[in-house]
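These notes are about the structure you will find just below.
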């Protein structure tokens, strides 16, 4: 089954242009609907009753690593890698210091291996120093049962994490699980809030929206509210799903109905958002264009025998995105 799935996806990614009739029948209405919804900034950041009911039903099993949310538990490892790696590689190594590390104006790969290793070692040590002196604040939007929130709160360079969600049942599961680790008591808090309930004057170094935008009614509004709450230089990390055949095949057909590794009804094709649509949305407004930059976008895929892994194609299937507030 796994060989078939990977082979099928590989063929489909190379030959999607060969099925225009299929795409027209399945995706023409979806494309129009999703673009309209994404660009509608007038609605509130709430989600539908059906979405709420679906996630409320999962509350009691949220922390069962072999249960309905096991895919999220596995994805959390990739989330943490993406956040950590993005922050580290974008640190300003020689800011506010007289003891500068050498940053060559060319690729270190051109240097002899010994010199390259020394430069890399010095830079990594400086990154460690900067992070050890950091005290970052985090807002986890759509935190669910707290899988990511707890992981973020355990990072040494994070001082506080606030998780918000619209499901009281799921938040109760998060609060109960938090009590199992006394070290989280003063670093992690949960509140029943939509993001617009958080004062715009309350800013965070990191805002996360993993697997959120495809579950809300007006994703552009949610994304905008998240960006507004970033400190200058802060990061918004998100993950969602491209609206294409591969996504439908892997997440809905295979994931929900064949392999049943995701609860049926978790995903709605029309709510998927192409990564290009988010980038276009950021560029179409002059203020957003000058204030924010997309620093990285990575595709990712779930392989049942392996787990989640990054891919080199963010235009197909699931993807992660890092957006930085530059001023």
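Keep in mind that glycine also has a Cβ here, set from the backbone N, Cα and C atoms.
Matching 106, 157, 204, 210 to the S-adenosyl-L-methionine binding residues that Swiss-Prot gives (79, 142, 165) identifies 210.
Listed in sequence order, 142, 143, 144, 171, 174, 190, 192, 193 are the same-chain residues six or more apart from residue 165 (S-adenosyl-L-methionine binding site) with CB atoms under 8 A from its CB. A gap of 17 Å separates the Cα atoms of residue 214 (Mg(2+) binding site) and residue 79 (S-adenosyl-L-methionine binding site). With a 10 A radius on its CB, residue 211 (Mg(2+) binding site) counts 20 other CB atoms from all the protein chains.
Taking the centre of the Cβ atoms of 211, 214, 215 as the Mg(2+) site, the nearby residues of that chain (Cβ within 8 Å, site residues left out) are 142, 212, 213, 216, 240, 241, 267, 271.
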